[in-house]
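Trainee: Below is one structure. I have some questions about it.
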C-alpha cells in the first residue's frame, strides 16, 4: 500500500509549511490528485488517520479532490478530457484516433490547501 508513504510525504510537507507560519494545530489538508495517480482515496484517508493518531495532527481532516485527465490527440493534436474507463485509449472527439495520445494532466498529486490555527 503506497498510500502510507504518500500520506507520510504529505504530512512532512504540511509540517514544514506550518513551521514557516508558526502555527501548530492542523485542521484540514486538501490534496488534489490526478485520475492517473494510482491512488486509492480510501486507503490514503486511512493512512492519514493512522499516521495522525496520537500526534499533534490528531483530529485533522484530509479532503481529496480528483483532477481530470487531459490528453492531446496523437493524430490531430486536439486537447480533450477522455470519458469512460479506458482513459488513455479514448477516441479523440475531433478525429476518432484512439492511440498515441499525450497525457497533459492527470498524474499530479499536491497539497492544495492547509487550514491551521
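Just so you know, glycine gets a Cβ as well, placed from its N, Cα and C.
Annotation source Swiss-Prot lists Ni(2+) binding site at 2. The Zn(2+) binding site annotation in Swiss-Prot covers 73, 76, 92, 95.
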Trainee: Taking the Cβ of residue 76 (Zn(2+) binding site) as the centre, count every other Cβ atom within 10 Å, in any protein chain shown.
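Mentor: Taking all protein chains shown, residue 76 (Zn(2+) binding site) has 11 Cβ neighbours within 10 Å.
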Trainee: Rank the binding-site residues 73, 92, 95 by how many other Cβ atoms lie within 10 Å of each Cβ and give me the one with the fewest.
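Mentor: If we count Cβ atoms within 10 Å for the binding-site residues 73, 92, 95, the smallest count is at 95.
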Trainee: Which residues in the same chain, at least 6 apart in sequence, have a Cβ under 8 Å from the Cβ of residue 2 (Ni(2+) binding site)?
Mentor: 38
